[in-house]
């Protein structure tokens, strides 16, 4: 029937695979995409296998052998640098979480040690983060008042940390790390900016020396709370805060302009704390409206395993808090680990990192720590300070332990307003308006996701912002599948190439036929749409041709190159389209179906119903086959029309 | 730099569009894909526009003008045929919904009239359906007992019908009909089979003459309820039921074998009712364990608009029931309308149909009807009886009205067991195991969706089945986006064509480079996966080359033909891959990016960072450009390697 087509290679169906093998391959692809056990599997000896397995579990075994004095020197310097940042930041963030300030120091001791053993990043510095701290306060605080019931609140915080760690470990062990990817980059930018705004507003409490404050996090409640107490504002506190804020922002600016001076901004918080404390000590400012930290208990982390409140009526609250803060902490930690790994050209296994984070939080919850992860600011300082391995985390932990054992009395006079300034200075860096502008330029939808996360956090709650941005992001994926693009293709002159005529205006349509390119999978969610849309393209084309009195339409070529998959609804749709076209005296021609599509088409009767000769490897071949038919049939147009139904009845 | 590339046409970026226009186009594509107002828009005169608009709203204005005596004859015959099916079925299904039997007749009077005016299908016959009836009973019965509190139950059923109609109208008016597509074909097959199983089991109550019965619908509760009452079974009832069931199934078999004898199975239910009633009347079987319908009120539909229970505490229950049954009814009605429209080659606008269904149910809820749609069985009989237009629905409504006015006393002696037999016979046709086998052969995942719907309904509740199947179907869509296939392409000998080497085993790899084809969009949900997977392909390829001591890898060609869209996370991923490759002395080359992808790449700095010369229109060109570089650089391999970073720094 169609001689030309025989000169070309045929469309092939991939060799059939037994169901179980293809299921196994699919699951492997979903869960073990990066094939982490490749090395272990390739090894034949069992002892070697165990050794490789242990090294896989505990990366310290991998790098400890090559460790040398040179590395140690770098790690000690960077470790001490990050400790000087960790101590004031830890105290500040613990305050943000409505937890005793000492918890911030505890959390910089045990978790970094665990990470040093199990983590695979060389640059990540472990610690608490502002957003998760605020989220803990907001979520727990809704049901348990931290001031009235500090013990229960503290125990719930440990329990939430335990659940967060458990969830992180489980995600890692079950290889479900990809679930964290549901937080798109755009959502994180908006979410972080929103959270930073909210955190900064919360700091106005400390900055203005207020003692009562709203538990809500949204802008409106916070502003109302602040302005309704304007008679309570303390100018001394505000002035001191602004001075330190100015100092901190100046050092940040200097370090940003000259990356070599990174240590200026890294040391600034500690310097602020020292100056602030001296200031209060010598001027007795605590009696003039400057609130101070007060006594911090000496000694390293007390055990807290018996404080986990599994039997409390609030255990579901702790679970919910743990899961949400845990996912956020994972997203930040993994993103940070990955970015620095890319700079230094080594690999981070997301699922392994999750296990490390999870273990760090589980063991942390046993030893009076709250949620930790790999904060960006601290890791960036670590990287700039030239750390070589996770030993810098150990050095930081030791420095914090020394502080806990001997130096806590020094923080007695530290003014709270300095801590607020430290938090505000850190948070302002998270409002990344340039990234948001970049999103707007590149991808309006991503910008919309970012905005909705931001406004959700700022005007609603942190959870609303999170749910909104994730919901909209997922909607976008569904919309991609639900409304795939269909475009008309034309021939690019002097070539055998066919391309979208919207993208290549020089591409010209071929007379007598229309080439449609479907840009997405054919699934139940889009099959009615595709059927309607193909129908409309043909209607419009026929109308155009009728007006211009050109050759009438004879062939519809469907280019399936970009159709990744098809389901049974999709196959029914193609069969339906074929029947509808048959009734309109049009012939359906298929070009370049992919492996998955061919597998399914060949199992259905579709190929027989359109005829194997009408499946072509490329659009060019499909066009030339149609052309051949058009021209050989042209002399007697009556025969041509009566000839069409014949193909349909094959 | 790359002379060869200049001989070919370049990759083009589609002309930029102002944001608002592209937003409008996108929304149009989502909501008005079939461009329903094309005709109205093209018309210039306002009066003509109004006329077309009215015709669009009320299809009766379209077809009434061409109506003739020939059509009327056909419509009267088919109308009477479906009425003879509608009367017994209506009574049976109302019983299934725990509603007074007369409601089944009411529901075959008003709604068909409304549909005749607003509906666009010529073949659809309106009536109640078994699954929605059972679902109404199951959902309302959970909180309100139909026996103890029949009045409240009845009013809630009207309210649920009103909400169903309201929701259907709103979906249609807001052009959100595509939301119904979330019920995939596979889910519907499994769901229907499960519901049919459950309905049949429920009928054992009538068949065995039991008076107490469980309210649960799952198999285990029903079987327990039946076998715990084995001493109450009435053999007379069972025997009579089996006889009628045998008769009904035999007539079905005959009609299936010879479609021309469709009227045999269409008339069988009415014949069964007549014979059953005569049997009871003459043998006084009502005193021997055969339950009968009893008195039916004479007269057509009484108004029920004042019975809508908007102020009842159960209003949310009615809302929930209305939404779920309404969506199911829509899915069935639209699928039925579409299938018959396809046979007769005319078009059905889903959104317009929704408005018609919605109005039919709203007006129905005002006139003592419960949920109606276009049931498949009745519509098939209508089609086979040769109906021409929706007038057959009017004829059926008139026949039912005549029955309501004069013939209801005739149903006094109708045994309930006959109604049970009618339901069972109808339901067995819904267990479409052949379709399920077809799913298994074609698409295992669809089969899994179907099975989960079936088992969810049979062992859980109808809602669980529904949620499970929809959840799994949506998961599949997300999985498609989350784990796009990446395959290696090879050259098909003697051509310039490059294809997936798994599908085309004769395709051969090109030495010195690897061509990767990404089969899906690049979004936040898959960008880490793609980065890992690309890295793994390259690792594996390099390992293979190292073993065989062939040319080392120099170029990575990414074929983006099938990448429908990209977001900012995707662009970051490509930038990252480019940097990683650069560090490994490999060069990234892009082939055939589509319109959407090109738009975004050209706005980002990606094109500059890989160099515009390394973007090619086809894979063949990319390969020949790489080949040219490989061969011109070959004489001095030192130079070639040092040359690579140069491209990266562009």
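From the backbone N, Cα and C atoms, a Cβ is placed for every residue, glycine too.
TrEMBL lists B:503-626 with the feature domain 'STAS'.
Annotated transmembrane segment per TrEMBL: B:123-140 (among others), in sequence order. Residues 82, 86, 89-90, 93-94, 96-99, 104, 107-108, 111-112, 115, 146, 153, 156-157, 160, 191-192, 195-196, 198-199, 202, 215, 217, 317-318, 320-321, 324-325, 328-329, 332-333, 336-337, 340-341, 344, 360, 370-375, 378-379, 381-383, 387, 390, 392-393, 396, 423, 426-427, 430, 461-463 of the same chain sit 6 or more residues outside the transmembrane segment (B:123-140) yet have a Cβ under 8 Å from a Cβ within it.
What TrEMBL lists as transmembrane segment is B:152-174 (among others).
For B:186-204 (among others), the entry in TrEMBL reads transmembrane segment.
Annotated transmembrane segment per TrEMBL: B:232-249 (among others), in sequence order.
According to TrEMBL, the feature transmembrane segment maps to B:261-283 (among others). Distant neighbours of the transmembrane segment (B:261-283): 81-82, 84-85, 87-89, 240, 244, 247-248, 251-252, 254-255, 290, 292, 380-381, 384-385, 410-415, 417-418, 421-422, 425; these residues of the same chain sit at least 6 beyond its ends, with a Cβ under 8 Å from one of its Cβ atoms.
Marked as transmembrane segment by TrEMBL: B:354-373 (among others).
Sequence annotations record features per position, and here TrEMBL assigns transmembrane segment to B:385-406 (among others).
Residues or ranges marked as transmembrane segment by TrEMBL: B:412-433 (among others).
Taken from TrEMBL, the feature transmembrane segment covers B:445-478 (among others).
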Grouping DSSP H, G, I as helix and E, B as strand, the residues of the domain 'STAS' (B:503-626) number 66 helix, 22 strand, 36 coil
One stretch in B:152-174, B:186-204, B:354-373, B:412-433, B:445-478 has more Cβ pairs under 8 Å to the transmembrane segment (B:232-249) than the rest, namely B:412-433
Per the Cβ filter (under 8 Å) with a sequence gap of at least 6 from its ends, the transmembrane segment (B:445-478) is approached by 131, 134-135, 138-139, 182-191, 193-195, 197-198, 216-220, 324, 328, 436, 439, 525
